[in-house]
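Peer 1: Pasting a structure here, questions to come.
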């Protein structure tokens with residue numbers, strides 16, 4: 001069995017264009033085993049587990065019946081957050097989607113040009129060279145490639161600026177519409193929620209929902225496309241390094257979502273405690289003898305809010321530190337495998353430098369996708385709590 005396993009690793013390495021034998025360094029064997037077998041297998045298992053859990057959650061959600069909740073407690077809103085956002089900003093979401101896709105070729109050029117500068121303009125020895133029927137010296141070719149790189153950087157920056165400005169416009173417009181719908185429902189004579197509990201809901205709790213409306217489709221497309229573009233670039237340079245880039249990803253996908261679920265529970269507790277505090281303050285404000293009201297409920301509520309917020313801070317920063325540590329482990333495979341391949345002449349130094357530079361861009365979209373996952377769960381909680389408030393009249 002062990003011999004078959006080693007034979008499989010050798011065949012996978014041979015398929016990717018690399019052959020190693022007993023003369024290879026001892027440390028190369030376990031690194032290749034992790035990159036070629038364990039990491040992809042673990043990633044496949046994690047993805048299958050996520051798909052099964054998602055199907056089960058959807059199946060359970062269809063069977064849940066809310067007998068005490070009206071079908072549409074807030075006119076103009078939908079119980080499904082995604083449907084509500086798309087219905088309210090369909091045209092703007094399409095523009096954001098197309099604009100996000102335009103960034104991918106620009107990004108690829110910013111990754112490819114540095115490699116060409118090193119390999120063609122600096123490391124080559126055949127000059128002058130022909131470029132589009134023009135003969136260029138080494139200095140002229142270097143200047144042309146650097147100019148193209150500068151143009152690509154400017155286009156990338158301008159694109160991100162316009163995209164973020166437009167996202168801000170979409171978010172603010174959606175937030176205004178959401179607040180108006182909630183306000184009209186609160187003013188409706190049919191509602192039984194006339195207290196001051198509506199203040200934290202309209203001011204604080206719905207604001208993240210409005211901001212998320214601009215990211216609900218754009219962020220996974222833009223950041224996911226960025227991640228796929230970087231991975232495509234790495235695989236084009238060297239498939240083994242492309243596999244090394246995702247070696248730590250399964251560990252992140254296992255640990256971080258579990259920690260995030262704990263953080264979501266704390267966020268839900270914080271929302272309830274803030275509402276309880278608002279309700280207590282509202283009762284004391286409306287009371288004619290508010291000066292004689294005891295302060296103990298308010299003090300206890302403030303202490304509970306402080307305790308929950310401290311737990312949230314600890315959990316949030318622990319997740320951040322863990323994610324940064326796991327992300328920093330990936331360059332180990334680049335330096336080990338990439339350095340060995342450069343010494344053996346299997347890849348160029350420019351390709352290795354380009355892959356290392358691309359990996360610096362690799363962690364940013366991955367963090368944004370994790371942040372999107374965190375925001376998605378938080379926004380869903382807030383959105384459900386708004387419906388629950390109007391359906392039951394309780395915080």
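Backbone N, Cα and C define each Cβ position, glycine as well.
For reference, TrEMBL lists these features for the protein:
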{"type": "DOMAIN", "residues": "115-378", "note": "domain 'ABC transmembrane type-1'"}
{"type": "TRANSMEM", "residues": "31-52", "note": "transmembrane segment"}
{"type": "TRANSMEM", "residues": "94-111", "note": "transmembrane segment"}
{"type": "TRANSMEM", "residues": "139-157", "note": "transmembrane segment"}
{"type": "TRANSMEM", "residues": "212-235", "note": "transmembrane segment"}
{"type": "TRANSMEM", "residues": "241-259", "note": "transmembrane segment"}
{"type": "TRANSMEM", "residues": "317-334", "note": "transmembrane segment"}
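Tell me about the surroundings of these features in the structure.
Peer 2: When Cβ-Cβ distances below 8 Å are used as the criterion, the transmembrane segment (212-235) is approached by residues 81-82, 85-86, 88-89, 93, 96-97, 100-101, 103-104, 107-108, 111-112, 163, 167-168, 170-171, 174-175, 241-242, 245-246, 354-355, 358-359, 361-362, 364-366, 368-369, 372, 375-376, 379 of the same chain, each at least six residues removed from its ends.
Same-chain residues lying 6+ beyond the ends of the transmembrane segment (241-259) with a Cβ under 8 Å from its Cβ atoms: 34-36, 39-40, 42-43, 45-46, 50, 230-231, 234-235, 315, 318-319, 322-323, 326-327, 329-330, 333-334, 337-338, 341, 347, 352, 355, 359, 362, 366, 370, 373.
Beyond the transmembrane segment (317-334), the same-chain residues lying 6 or more positions past its ends with a Cβ under 8 Å from any Cβ of the stretch are 31, 34-35, 241, 244-245, 247-248, 251-252, 255-256, 259-260, 263, 352, 355-356, 359, 362-363, 366-367, 370.
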Peer 1: Who are the chain neighbours of the transmembrane segment (94-111) in space, where the CB to CB distance is under 8 Å and they lie at least 6 residues beyond its ends?
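Peer 2: Residues packing against the transmembrane segment (94-111) from afar: 148-149, 152-153, 155-156, 159-160, 162-163, 166-167, 170, 214, 217-218, 221-222, 225-226, 229-230, 232-233, 354, 357-358, 361.
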